[in-house]
Amino acid sequence: MSYLKKPDWLKIRVKADQKIDDVIEILKMFSLHTVCEEAQCPNIYECFSKKTATFLIMGDVCTRNCTFCDVKKGKPVKLNSDEPKMVANAVGALGLKYVVITSVTRDDLPDGGASHFAECIRSIKGKRPYTKIEVLIPDFKGSFESVSKVVEASPDVVAHNIETIERLYPCVRPLASYKRSLDVLRMVKEIDKNIFTKSGIMVGLGETKDEVKKALEDLRNAECDFVTIGQYLSPSKNHHPVVEFVHPDVFEEYKEFAISIGFKFVMSGPLVRSSYMAENTKDIIENVRKI
């Protein structure tokens with residue numbers, strides 16, 4: 001199999017920054033993982049230099065086998081009951097005004113880890129009541145009860161990524177369901193209309209423009225408020241290959257289309273990831289809350 005050469009627009013220049021070391025030290029201090037590190041995010045240095053990070057809770061081993069993802073697969077460890085407190089302390093130490101919490105998928109747990117998410121939200125609110133909280137959740141096998149546990153803890157944004165277009169699910173997300181992911185987003189709005197919902201799509205996996213636009217329409221029909229669109233980068237030769245490096249102009253086309261169908265916030269670009277510059281939604285959240 002031949003591999004595509006990365007275009008210039010995907011090349012990143014890394015600058016030394018003391019703030020990056022500070023973030024790494026704080027994460028070590030509280031024994032926390034970040035999806036930035038586990039998923040080899042290309043924006044890790046930019047985000048760490050701004051003292052932002054996406055916390056990865058419930059361990060670093062996933063029970064699913066998505067072919068695009070670099071997070072470890074296998075048998076997960078027992079939940080750490082102190083983790084919600086440690087996350088809250090790290091948020092305080094970093095002085096975050098906006099925090100994103102995500103997790104591996106824990107199909108081994110009765111509620112998929114929903115109660116652990118809820119406890120993390122409550123712990124942060126107790127320590128940093130003015131910090132906005134975004135949670136990027138797994139599908140919880142489509143459990144309304146599990147989604148309710150998270151929503152009832154009152155995060156500001158509940159995100160769940162569809163990741164790719166429907167046709168590619170069997171080869172990219174074999175243990176997931178496109179319809180179920182859309183249903184999760186619908187559930188959030190059914191439980192609490194005031195909570196913002198968000199999703200993310202990767203491109204370059206072999207989809208067409210029309211399929212991406214159809215996925216965006218499906219998200220809007222599920223009342224999704226925010227969306228991110230980014231280039232898929234294969235972690236290794238053992239993962240799903242990159243079929244295409246999508247030109248920045250196409251990302252702009254997707255952004256314009258997403259805005260035209262009603263998304264309140266759109267991030268679309270080659271290096272965009274689901275939590276990239278998530279703090280930019282803070283003003284939108286605060287302005288809508290005032291209405």
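Just so it is clear, glycine is given a Cβ too, placed from its N, Cα and C backbone atoms.
According to Swiss-Prot, the protein carries these features:
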BINDING   C36, C41, C47, S275  [4Fe-4S] cluster 1 binding site
BINDING   C62, C66, C69  [4Fe-4S] cluster 2 binding site
DOMAIN    48-264  domain 'Radical SAM core'
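In the structure shown, the C-beta of S275 has more C-beta neighbours within 10 angstroms than that of any other entry among the binding-site residues C62, S275. On a Cα basis, C62 ([4Fe-4S] cluster 2 binding site) lies 19 Å away from S275 ([4Fe-4S] cluster 1 binding site).
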